[in-house]
Amino acid sequence: MDTRTSSAQRILQGFVRSVVPVLLALIVSALIMLAIGASPTEFFAGVWKYGVTGDNWQRSLVLMAPLVIVAVGLIVAFRGQLWNLGYNGQYLLGAVVASGLGPVLFGVMPAALATLIVFVVAVLAGAVWSLVPAILKARYGTNEIITSLVMSFIAVGVVNLLIKGVFKDPATTTPQTVVIPDDQLLPYIPGTEIHIGFVIAIVLAVVAQFVLSRTSFGLRVDIFGASPKAARHVGLNSTWMVILLFALSSGLIAFAGSIDILGQFSYQRADWDPRYGDAVMPLVFLARFRPIASLPFVAFYAVLATGGTLAAQQAGVNVDFLLVIVGLILLFMTITEYIGERRRLGQSYLPAGLRRTVTSLVRPSRPGRVSAFAPLAAPVDPADPADPGPTDPAATERTRA
Amino acid sequence: MTTTTTSEVISLRGITKAFPGVVANDDISLDIVSGQVHCLLGENGAGKSTLISILAGMQQPDSGTVSIGGQPVDISSPKVAVDLGIGVVHQHSTLVPAFTVLENLMLGDSGVMRDTKRATQRLGELAELLGVEIDPHALTSDLGLGQQQQVEIAKAMWKGSRLLVLDEPTSMLTPQAIEHLGESIARVKAQGLAVVLITHKLREAYAMGDCVTVLRGGRNVGHIGVDELASYSEEQAQDAILAAMFGDDLAAAGSDAVDLAGAGEAQRETAALDLSSRPVRLQLSGVTSRGPGHDVETEDVTLTVRAGEILGIAGIDGHGQQALSEVVAGQRPAASGTVVFDGEDITRTGVRSRQQLGVRYVTDDRLHEGTVGSMSVALNLVIKRIGQAPFWKSGRIQSKAVDIEADRLIAEYGIRTPSPATRAGTLSGGNIQKILLARELTGGAKLVVVNKPTYGLDLKTVHLVRELLIDFAADGGSVLLLSTDLDELIELSHRIEVISRGRLVGGVTNDGPGTAEKVGHYMTGAIEGTD
């Protein structure tokens, strides 16, 4: 009974800590829009109109597919406290496998088999690309944030080279890959225009949730994430753990890229980079690295992004304003987290210095009991409270210097 | 309490500081007088550290005042404390190992340019005052622990000091280094500085202190003034302090209290054992370890532990104890040599296989290595059996089996926790240690490596932990006990080996008085001789 109440409290608290930053971000972004002369009501109405109403909700769900898979990929690494920030490159690598290899394969074999091969190769490409940061981290303790990021830049360059080179569609002048015909793309869920990648993404999230929270592997990941020392103590092989988690994470993100090409875009242009990971990363933090919990946040962002593009134009702000909202979510998340943590520890919300200033403003005079004890000590020149007295040679030295 | 000397007094009045669930300091008042050594005694959790961090400006009291020479002062930050001349030498080193002595001392300097000349001069003055020789350009990592501590003291007095606080300064020192420290303290005192000495050993309090204040449960429960302490014989002083330290518990703790408080000479409490008749449980031959970091590694270590034996490893902290325990537990590979357990070569066997064979390890880093603080007590109790039946079936956790096992161990080892689902990190250090012992001593344990098993625990738990180890050995288990507490080693061990810089430098059979001196002799010879 006792534990149940506390776990219910924890869920409630997690909910509050997750939703409050989003609300605050929306409020502040509305204020910013007012300040720059745009209409927040028009913007949010637009988001609703173009992101949800009519058949637009289907477009939002289509966008959700890659976002959810990227989220799961990030969660797998982040749970182990491995900060895989190479998601943009990993996503594009997976995408270019689909858009470059796809047209070739679809020409020589049945679509289902070709799709399967594309997926496998995409996952492998992502996993292999992550070996560099993973091995550097495992063997030499190199900071994986830097290495994965740098590997991402290289991946973006390589992908562009491929699209401008071997994968370029000779029939067009713009650097882009051959368009995959509609009948070879991923099928739609019957009755909708949502490709089955969405279903795959949801299934992946559910499976990841189960594996991470209910199995021995999930517990090992959590131990590794909580303390590499404890992991070593219970006999986990940290080298393999780093390589495995990085490969899983990177492979999943590359998978998202390939599913996006085969489900939605059907070809890829050079210098195209949707940067899904940038938007998803704060969301997985909000979801406390729980795959299922990330779903509503990703859905929220998918609607915001789908409807926001048109809505932003109508409301008179730049499309980049969407990233401002994401940035505000991150900012308020940090603040909520700080306050929540202090609350948990029973401390004042104010930093110590500020609190003293505030209390001294409220109660300017010190309590009288101090002076009551003053006669206990020898009198000292009140003009210099730091007067060290003649018995302190070290302090005299300080004054001389 | 009414001190009427002309010397300066630092007065603490009604200091109260509460943390969630615990009142660390409860209305503590005391006077620190210049030219005196004021001993603060009390077991772990008595509130000594909190009081010190308030003096050092790292914590602010919830209520109460600090005044210096009658002037109330607000020690709102460590900088203010330094400016007021309050220098603290913390229990654990705060020196940057890769920096030279001089660089470490100049860390707090505020000028734009480094004034090496003035710093060298200041170090010279302090070295003279402390009566020590310190090479300003030596890397601190190259210094012995005693010397490092001298640098810490110099650092605490760097900006000119009126109060020097030493937090358990002797806990890691050899007997000889303790003597040096005593001399330095006497010289500092003679210069008119106030010294606060925190310790939990009565002997030291009596030898070095001018007056004694005893804290218990965050309260000031006893004070022995200067004249009073001087008039007492050592025995009388002991009785007075023990009464204050344990209060009503004194009768319950009985003669153990005297041992625990480090008052008397330690004696072996384990039953005698005819070692030659016992089978060899663990045999290390020429083991040199190779770890990932810059730890001291074991060098060519050869030792034997028999069934039912407690083998103590004495030595100053950081001389390869961690490497030795990890190489036995399987967490660190051996570059050369062999590890044989019950006649089986396990040199290349991993942690989990050794665990199943019965090799267990109670690490000294209970918070970050031994337990995962964010996970439940129940999970922590089975954490070394991940994936094994009956707690996991085809990879899925069986919560019921885990809870049954957890309830059993919690009851058997008296782990005080609100529930098995409570996060382990919220428990007290003593209860966390009980989790480790419950996990490592049960389920087919044959050999347990324990590293500093009672470090930082309250006296009752210390007693319990030692009883558990004695019982484990009495039932035929083998214990490799690594400790920096010589008294503990003498109470528990059948034999004691001394480790220094990763090598075993000598062994003593613990069979009567004089063991401490022999062990101390090896420690001093090995450590001070090479400095």
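Cβ atoms here come from the backbone N, Cα and C positions, even for glycine.
Since we're looking at a predicted model, the values are computed, not measured.
Residues or ranges marked as region 'Disordered' in TrEMBL: A:376-401.
The annotation transmembrane segment is assigned in TrEMBL to A:20-40 (among others). Outside the transmembrane segment (A:20-40) by six or more residues, the chain places 286, 297, 300, 315-317, 321, 324-325, 328-329, 331-333, 335-336 with a CB less than 8 A from a CB of the stretch.
Feature annotation from TrEMBL assigns transmembrane segment to A:60-78 (among others). Beyond the ends of the transmembrane segment (A:60-78), by six or more residues, the same chain brings 51-52, 84, 87, 90-91, 193-195, 197-198, 200-202, 204-205, 208, 212, 221, 225, 245-246, 248-253, 255-257, 259-260, 263-264, 276-277, 279-281, 283-285, 287, 289-291, 294-295, 298-299, 301-303, 305-307 to within a C-beta distance below 8 angstroms of the stretch.
According to TrEMBL, the feature transmembrane segment maps to A:90-109 (among others).
Marked as transmembrane segment by TrEMBL: A:115-136 (among others).
TrEMBL lists A:145-163 (among others) with the feature transmembrane segment.
According to TrEMBL, the feature transmembrane segment maps to A:194-213 (among others).
Beyond the transmembrane segment (A:234-259), the same-chain residues lying 6 or more positions past its ends with a Cβ under 8 Å from any Cβ of the stretch are 65-67, 69-70, 72-74, 76-77, 79-80, 82, 84, 86-87, 90-98, 118-119, 122-127, 129-131, 133-135, 137-139, 144, 148, 186, 197, 200-201, 204, 220-221, 223-224, 228, 276-277. Residues or ranges marked as transmembrane segment by TrEMBL: A:234-259 (among others).
Residues or ranges marked as transmembrane segment by TrEMBL: A:279-303 (among others). With a threshold of 8 Å between CB atoms, the same-chain residues lying at least 6 positions outside the transmembrane segment (A:279-303) that come near it are 14, 18, 21-22, 47-48, 51-52, 57, 60-61, 63-64, 67-68, 70-72, 74-75, 78-79, 87, 202, 204-206, 208-209, 212-213, 322-323, 326, 329-330, 333.
Among the features that TrEMBL reports, transmembrane segment is placed at A:315-335 (among others).
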Same chain only, please: residues at least 6 beyond the ends of the transmembrane segment (A:194-213) with a C-beta under 8 Å from a C-beta of the stretch. Say none if there are none.
58, 61-62, 64-66, 68-69, 71-72, 75-76, 79, 185-188, 221-222, 252, 256, 259-260, 262-264, 290-292, 294-295
